[in-house]
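J.: Quick paste of what TrEMBL says about this protein:
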ACT_SITE  GLU328  active site
ACT_SITE  ASP411  active site, proton donor
BINDING   HIS327, HIS331, GLU407  Zn(2+) binding site
DOMAIN    41-225  domain 'CAAX prenyl protease 1 N-terminal'
DOMAIN    228-463  domain 'Peptidase M48'
REGION    293-313  region 'Disordered'
TRANSMEM  17-37  transmembrane segment
TRANSMEM  77-100  transmembrane segment
TRANSMEM  120-144  transmembrane segment
TRANSMEM  171-189  transmembrane segment
TRANSMEM  195-216  transmembrane segment
TRANSMEM  349-371  transmembrane segment
TRANSMEM  377-402  transmembrane segment
Amino acid sequence: AAMALSGDLWTELPAEHRIFCSVLLFSWAVYLWEAFLAHRQRRVYRTTTHVPQELGQIMDSETFEKSRLYQLDKSTFSFWSGLYSEVEGTMILLCGGIPFLWKLSGQISGRAGFGPEYEIVQSLVFLLLATLFSALTGLPWSLYNTFVIEEKHGFNQQTLGFFFKDAIKKFVVTQCILLPVTSLLLYIIKIGGDYFFIYAWLFTLVVSLVLVTIYADYIAPLFDKFIPLPEGELKQQIETMAKSIDFPLTKVYVVEGSKRSSHSNAYFYGFFKNKRIVLFDTLLEDYSALNKEPAEGEDGENEETKSKTKNKKQGCKNEEVLAVLGHELGHWKLGHTVKNIIISQMNSFLCFFLFAVLIGQKELFAAFGFYDTQPTLIGLMIIFQFIFSPYNEVLSFCLTVLSRRFEFQADAFAKELGKAKDLYSALIKLNKDNLGFPVSDWIFSMWHYSHPPLLERLQALKDAKQE
């Protein structure tokens, strides 16, 4: 009877109130699910204090304990920052923060001589204010993460001055891309007629392809120094391996990732016959600044970043770097990159189509405090961020499962290149350098890990390694 009564009360609520409550309830349901998973994983960090028998040949007890404490600190930080983010988002919705910010942006654009008819101008002011608010509220968390957690565990290489310069630069560059792209997207939606969703999708497709093309050449160098990999044995071996699988390599760069962090990475980019490989200096044992003593009297860059010379060797040997690249090139050869782009664009088209179906529903706007106006930017935010959130959660999980499958396939490709032994040792070294904890709660791992757990990857490589 009580359930029937509550059901009747729910159906009697106006549609906009039901929409608002559903969005809020789903948001908290997702948060509680994530908190539950994180709790399970923290329990693993707390209780697994000794190296499991199957890891005895892979990790020493000192590294195991360091990684356990690092991941425990990260998980605790994630709990509090996640709770703050959820409470902040809830308060913004309950207190009418979105319509308030829209009204404020209208007042600002009005003072600049742009009336209500200039909706795109008001939208850009709104976007600028919203991203500024997000950056300012996120700043204390970012500072704590960098200068307390990463610093405590030996990963941070930044000074406070470098951090703030970097943050300001990132904000400015983001606005220089975000505002023009958004204004053009809103204009296309306004003039696109009944099939605007097709033109909007095509526009976002072009923008994403352009950004992928120019990122490493024009955007990334604004933050990090890229230098061509010097002539030598490693470069020759990379070029030979690329040629053997018909990878159209044009350039190999080393990026000074050690200026900001001692975490390591490698990636490739470019379309068609113009592929480039980027290696973080922290990945390369022979090039990592963290393995070298600073030159006597050296300054300049060292004033911007901290010289924290480590006693241990960081990074991988040349053969191991080649094995890691064999894995990365496997993603290209097996079509994973193209498949991810196709999935992304199919999803984007579907979302724009559904947006076109839903944008006329005034109840969606009323649910978030917009009773008299239906601004296009607000519609995009409501539908993509809130209404699609259940779909986005399901999609994210499916992509995580697919990613793990791709990782196993890329490992198998590197194995076929004869790199199993070197990839085996490289994975262990990278796990050690990045203080990865190799023991996971199975549900947490299934939901979150885009890469398979270390032990599973090593087991898949083991047979070939021993041959």
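Think of each number as a place in line: the chain as shown, counted from 1.
Each Cβ is built from the backbone N, Cα and C atoms, and glycine gets one as well.
Unlike curated records, TrEMBL annotations are generated automatically.
What's the neighbourhood like for each of these?
T.: Counting only same-chain residues at least 6 apart in sequence, those with a Cβ under 8 Å from the Cβ of GLU328 (active site) are ALA266, TYR267, PHE268, ILE277, ALA410.
There are 26 other CB atoms within 10 A of the CB of ASP411 (active site, proton donor), with all protein chains counted.
A sphere of 10 angstroms centred on the C-beta of GLU407 (Zn(2+) binding site) encloses 21 other C-beta atoms.
Proximity of distant same-chain residues to the transmembrane segment (77-100), defined by a Cβ-Cβ separation under 8 Å and at least 6 residues beyond the stretch ends, is recorded for 20, 23-24, 27-28, 31, 34-35, 38, 42, 137, 141, 144-145, 149, 368-370, 378, 381.
Packing against the transmembrane segment (120-144) from elsewhere in the chain are residues 77, 81, 84, 88, 101-102, 104-106, 108-109, 112, 114, 163, 167, 171, 174-175, 178-179, 182-183, 186-187, 190, 375-377: each is 6 or more residues past its ends and has a CB under 8 Å from a CB in it.
Here the transmembrane segment (171-189) has Cβ contacts under 8 Å with residues 119-120, 123-124, 127-128, 131-132, 135, 196, 199-200, 203-204, 207, 211, 219, 222, 376-377 of the same chain, all six or more residues outside its ends.
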J.: Would you identify which of the binding-site residues HIS327, HIS331 has the most other C-beta atoms lying within 10 angstroms of its C-beta?
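T.: The residue with the densest Cβ neighbourhood is HIS327.
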J.: Could you measure between HIS331 (Zn(2+) binding site) and ASP411 (active site, proton donor) for me? Cα positions, answer in whole angstrom.
T.: 9
J.: Mind checking which residues reach the transmembrane segment (195-216)? Cβ under 8 Å, same chain, six or more beyond either end.
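T.: Here the qualifying positions are 177, 181, 184-185, 188-189, 226, 253, 269-271, 276, 278, 344-345, 348-349, 352-353, 355-356.
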